[in-house]
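J.: Provided herewith is a single structure, encoded as structure tokens, for subsequent inquiry.
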Amino acid sequence: MSHRNKALVAIVAGTALLISSGAAIGQAAIADERSGKAMQTLNVDFATETGNFRGGASGTLYGLGDDGSPADAILDGAQVENSSQKPPSGTQHPSGDALALENQFFSNGGNELAVYMQDYYPDWSYNSGNRPSDSRTYVLDVPVDDPSYGTYTNGGDGVWDYEQVTEIVINKVLANTEHPDQYTFIPFNEPDGGNWYASGDNASAKIFRTFLSDWDSEYKLIQKIWQQYKNGEKPSKVKPTADHARVAGPGDCVYRQNRSSAFLSHAKSQNTLPDVFVWHELGKESLSSFRSHYESYRKLEKKYGINPIDVNITEYGELRDMSVPGQLIQWQSMFEDEKVQAETAYWNYAGNLSDNMARANSANAGWWQFKWYGDLRGAQTVKVSSDYMNKADSLQGIAAIDRTNKKATVLYGGANDANADQVKNDGSNIPVTVHLTGLDQNLFGSTVDVEVRENAFTGPDGVAATPRVVNALSDVDISSGTLDVTTTSVDRYASYQLIVTPHQDRVLSIDNAAAGRALLVEEVENTVLSGGAQTYIKTPWGDGWNYFMTSGNGDVGSFKTGSIASWTVDVPADGIYRFQVISGNTGFPGDNDVSVDGQSAGTIHFGAELAMKPAAKWLYRGSGEVLLRLKQGQHQIQLHGSSMDNTLDKFLLYQVSASDNSLDRIEYPADQFRLESGALLTYDQDGARGFASLNGGEAKLFAHAWESGYHSVKVVYTASRGDSMVLSVNGTSVTTITAESDGLQSSMVNVALSEGINKLELSGDAVSIRDITTCRDAADDSNAITLEAESLQLAGGAQTRENSASNASGYSYVTGLGKQFVTEESGAFGMGDQTRVVTLDTNNTPKIADAVRGTVTIPAGTIPAGKFNMVVRFSNDAFIGKHDYNPQIVDLGLQVRDGTANGEEVARGAFRYTYSDSNFLERAMTVETSGSALVLGNWDEPGVGAGAVSWGVGPNLDYVQFYPVMVGDVYHQSLA
């Protein structure tokens with residue numbers, strides 16, 4: 001297809017230039033002495049436990065956009081512990097409705113959902129920054145599910161407007177939620193700043209006294225309504241059982257010592273103490289000052305005789321931190337040390353975990369950091385110390401010990417040249433020694449295995465592959481209880497996962513050319529530039545909250561037609577390689593041609609990136625990839641500029657083919673599984689030490705796929721003949737694997753994976769798994785059925801559109817599915833530059849065009865009966881309202897019905913914003929078909945459902961692909 005270039009061009013090797021990427025395997029890792037960088041040390045004392053792993057720093061603000069956005073695999077993998085979202089009918093943002101997404105959130109690792117109650121208001125600051133008066137009359141005397149409930153007319157009724165807003169919000173949540181006890185209500189957001197009660201830290205100000213009075217009335221009203229539902233006075237789906245509603249506050253934009261002191265004293269006297277104490281730590285300075293703020297707060301509790309209250313930093317970090325694992329680990333370690341919850345700030349759009357995922361279903365490096373952090377659930381944290389404690393942009397870490405699985409983990413990153421933040425390329429090639437003490441031989445035995453994985457920064461929308469093993473130590477003596485593990489950091493913005501286990505019955509190796517997993521990396525500003533392309537030096541400190549981090553603190557711009565970036569690279573082995581470019585643009589898809597040693601080698605197709613505000617243009621970076629066939633030795637890879645005028649940050653060259661001709665082979669050992677419901681790592685069976693024993697539970701793996709299609713999944717395990725386990729992919733049972741022999745063996749099956757992150761689950765009883773290996777098997781893609789949307793039966797408002805500037809296959813696609821919004825052109829002022837903004841009525845409700853619903857029908861017999869992974873290539877540029885800094889995007893809904901438009905719904909999904917209607921992404925759904933016709937559209941009644949997808953508007957469609965979830969039989973092999 002025209003949008004996806006899979007051609008491979010054979011290139012003959014030239015002279016050599018070695019680009020180092022990782023550390024050596026052996027009994028002791030050695031730092032790269034050529035770097036000339038001073039070694040930094042992170043001290044980890046496993047003998048000093050600091051408490052249960054809290055896991056609260058994986059919170060987000062508006063990290064979820066709607067039910068299904070993000071997809072389950074992304075959400076479950078990230079283990080988002082808490083999230084703050086908007087209230088039902090809230091108009092501050094058009095998506096992120098708590099009720100719409102609660103079931104998905106709580107079924108994928110979520111524990112606590114908070115409601116920003118003031119986000120009921122459409123404007124920022126709320127109500128123009130002024131405390132509301134009594135200027136509206138709200139409709140409250142009808143059932144909560146009546147469409148008129150909560151609407152208003154101008155003119156007062158003797159009741160404070162916000163009191164009525166509170167009643168609306170709490171009633172809508174408690175009447176409809178299925179998880180009332182897991183909600184927290186936040187009545188005020190940044191009251192000390194521009195929202196109604198601004199007085200800085202002046203606790204004597206009259207307006208602050210007004211705030212205290214309003215806090216009391218809000219708190220008591222929330223509790224009153226809670227009791228009405230708990231006692232059954234008001235009808236609800238599920239009755240609350242907790243003694244009282246969880247309320248959080250005060251919600252200041254920074255830590256305020258005087259206001260916090262006065263607030264605690266007052267709230268204690270009035271019995272209105274919050275269940276969660278909330279403030280924000282947004283600036284980079286917070287990496288230095290948070291611990292002192294936290295200590296000051298706890299001293300206030302002691303001063304007033306208050307038992308410790310949970311703390312949630314409901315907004316943390318800047319754009320320079322989001323998607324950057326070496327930054328995120330610094331925040332997470334700080335919050336985990338103090339056992340508090342914390343939520344990444346909401347700087348861009350809802351539904352992408354605060355820029356910590358890529359595309360529609362892929363990981364960026366921020367996602368892998370969230371995933372690693374979430375993997376620590378159930379463990380005990382231990383003491384970690386750094387020479388740079390309370391220093392912004394420095395080496396920090398988290399360490400934990402899982403005694404059940406005999407696994408010790410250290411997450412670390414942020415190493416920086418003598419903390420000199422203005423130095424170009426600071427942080428690259430710094431050797432970091434993790435000094436481990438207190439390793440208990442009673443737990444680990446006399447020798448251990450160690451693996452270190454590297455998670456390198458790829459930009460907010462750049463795809464990050466499964467982190468590679470860059471250091472491995474096998475059968476290392478720990479008789480002294482001490483071990484030093486030194487790894488050279490490729491990038492100060494990378495993070496690292498170090499795992500220690502008892503010596504295992506498997507062969508450890510680093511991901512290098514011998515393993516078919518080599519990776520070569522270069523900053524584009526270090527390549528040879530010509531044709532007007534220029535290097536732009538960046539400072540990691542940036543110029544405020546809206547600064548995006550740049551790999552290597554520099555990038556290349558002015559990259560236009562005639563420009564070339566030339567990279568001389570030494571390829572370690574013959575084979576296929578994936579050339580990835582981290583790049584930003586102006587909000588439209590485009591292409592860059594690639595040549596190798598002067599020969600045309602293909603084209604990289606870049607998708608559009610976020611560009612609706614000046615801070616994001618060219619700087620909100622994604623990635624594009626092309627496959628190259630290269631010979632061992634030196635080559636010159638050239639990227640050619642075009643009219644796209646994109647910026648370039650980093651080049652990466654991934655080895656795709658291994659010596660056995662397997663493609664994109666990734667081995668996931670058992671210590672990388674997430675083990676649940678009784679499954680655990682065991683070390684007491686000879687020949688199976690370090691295997692995951694299922695024990696009636698399950699082993700869960702989050703596997704990366706560069707593209708949708710068939711992948712072989714090979715499971716190596718021990719079992720007795722006849723023992724079985726069930727393999728599920730993305731929540732769908734695929735097959736039962738039954739052992740055909742006794743002892744060590746493997747079973748392999750070809751399954752359909754989606755582009756991005758896939759959740760693989762193995763459940764069973766008497767089976768112990770050593771590892772799971774995935775490999776691309778494109779030959780089986782011939783089993784898929786691909787249907788161009790414009791070739792199908794269109795009805796209603798659905799129509800074909802031609803657009804030569806799009807990245808749709810054949811440059812044509814279908815628009816008009818479902819209903820359609822009434823839209824108007826918008827310029828940069830409304831952050832709708834190059835997009836169309838949905839028109840709102842006086843109640844800030846989107847206007848829906850009076851037109852026939854559009855549908856696309858796949859004729860009967862086209863798709864046989866069966867279970868399929870349905871890949872949808874779509875675009876969505878829906879944009880509702882204006883905001884000072886948040887692009888007001890929404891997800892759109894697509895449903896599939898069996899037989900006719902009135903038939904049974906067999907699939908449903910939320911489809912994210914794609915930056916432009918001409919920019920198409922992939923998202924997959926599982927569908928079970930009967931062989932009848934399939935009708936695609938959006939039949940939701942506008943405004944009736946909870947979330948934005950319920951407005952009845954569908955995305956644009958390029959094509960749909962139906963992959964049978966499994967092809968062929970299970971292939972077994974005895975390894976005994």
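Keep in mind that glycine also has a Cβ here, set from the backbone N, Cα and C atoms.
Annotated active site, proton donor per Swiss-Prot: GLU190, in sequence order. Here Swiss-Prot flags GLU315 as active site, nucleophile. Annotation comment: Swiss-Prot describes 519-654 as domain 'CBM6', evidence class sequence analysis. Sequence annotations record features per position, and here Swiss-Prot assigns signal peptide to 1-28 based on sequence analysis. Look at Swiss-Prot and you will find TYR116 tagged as site 'Important for substrate specificity', backed by a curator's inference.
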J.: Please list residues from the chain of GLU190 (active site, proton donor) whose Cβ is under 8 angstroms from its Cβ, counting only those at least six apart in sequence.
T.: GLY251, ASP252, CYS253, HIS280
J.: Hey, how far is TYR116 (site 'Important for substrate specificity') from GLU315 (active site, nucleophile), Cα to Cα, in Å?
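T.: So the alpha carbons of TYR116 (site 'Important for substrate specificity') and GLU315 (active site, nucleophile) sit roughly 12 Å from each other.
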J.: Given the recorded positions TYR116, GLU315, and counting only Cβ atoms in the protein chains shown, which has the most within 10 Å of its Cβ?
T.: TYR116
J.: Across the domain 'CBM6' (519-654), what does the mean pLDDT come to, as a whole number?
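T.: So the average pLDDT across the domain 'CBM6' (519-654) works out to 94.
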